[in-house]
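What follows is a single structure, written as structure tokens, with notes after it.
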């Protein structure tokens, strides 16, 4: 075989080698985005100048049997396949060159006039609002250039923004002062404006129930207080405190109803519907502290320091009248809940437990507790008058307090659950899910959340895996296929291919956005309880 001598320093090694010297030549072609190519030849000895170390290999003498043979290997070029790719574009951490901006934002943020925008390019885009299909936007770069043209420099624009900000603060201060003066004027001369829609809420539905309860409980408190002063009965005192707590709590409910009718604002984009639940929660706490607490306190004092009870005839008469009035209010609340439960397709029990209408629920439970407490107070007072033992009257006060504590605990629990944002019923959630999955453009949905925001208002959220083929076909169905084919045939260079893909790629994304809007609209139309829909593209 071949003998290879390798020299390293002053030592010499003789090693066997069966490999033949092979000369290789590779050629690499590099493509750029403009279609040009560069050829790089095979490496030569100039590579040693770039820092490569080459070992010299000396071939030994051939064996006598193979002396006449001459072996060599042909040159075999290595073929390298290189993909033609576009150069990655670096946009930087903040890129707003292609951003769109509405006319209102352009006027407010860049201190322009509406006449300044007439000279800019106008672009029609798909509207995010349900009441309009398209709206006009402007390129942010055009607006920024126009603002610099109008104001001369960024410093001048910043000074104008600061001046307008100070003027806005001063305007708000003057507006608050004028509103205060207007309120004082109305107080002095009277309000001659027609009845608003908020006032009309108290003449129907839950508002009517609350107003009836306020009037009846206020009268009951007055007469029960007179009976307690005349008789000194602990049970009658508990009944008077009970009616006072009901009156105050229902006044709080009326405030919650009026506040819940306020229109949404930038600080509260989803409205003030939860004000009813907040008022009901505070009402439950008030019943526990004022009603149950004072009743327990007066009952315990009566047990520790009993005193004889005076004639209970007037107390019985007042309790009978209270029973009739509280019963009438209870019937009004029951009829309202039955009507609302029937409209929602729920049973009476489900409607109450789910706290669909917190204001009516409070009136229902308070009046039910009032009727039962009247029965408890009358029974204990009767036992006291028959036996002459004042302890029965004190036990009646404790019984009324326990009843009020139970009602308040139920109200606190149900309204807290509603404020925390509980999920809707599984059957309703399943219907919404099936509606989405049955659409051809949807492949699958994940992370579905449907939250009851209160007063039968549902917020639905899901991550949707869209079928790109169906979306693209939906876009192609609206295009002229012959013209599209001609555009494809005219593509010859990478720049033309990039322009073609960017144009139709943006249109396909717009088509995807239109499909999202269509799905959201279908969900709202088929399920009126769904007020807010958030579909995220997966």
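Cβ atoms are placed via backbone N, Cα and C, with glycine included.
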In TrEMBL, one of 254-273, 394-413, 414-433, 434-453 is tagged transmembrane segment. Which stretch would that be?
394-413
Among the residue ranges 187-208, 209-230, 231-252, 341-362, I'd like the one that TrEMBL describes as transmembrane segment.
209-230
Match it up for me: which of 152-176, 277-301, 477-501 does TrEMBL list as transmembrane segment?
277-301
In TrEMBL, which of 116-136, 368-388 is labelled transmembrane segment?
368-388
Can the transmembrane segment (209-230) be said to touch the transmembrane segment (313-334) if we require at least 3 CB pairs below 8 Å and skip pairs under 6 apart in sequence?
yes
Below 8 angstroms Cβ to Cβ, which residues of this chain, lying six or more residues outside the transmembrane segment (394-413), approach it?
234-235, 237-239, 242, 245, 280-281, 283-285, 287-288, 291-296, 298-303, 306, 361-362, 365-366, 368-369, 372-373, 376-377, 379-381
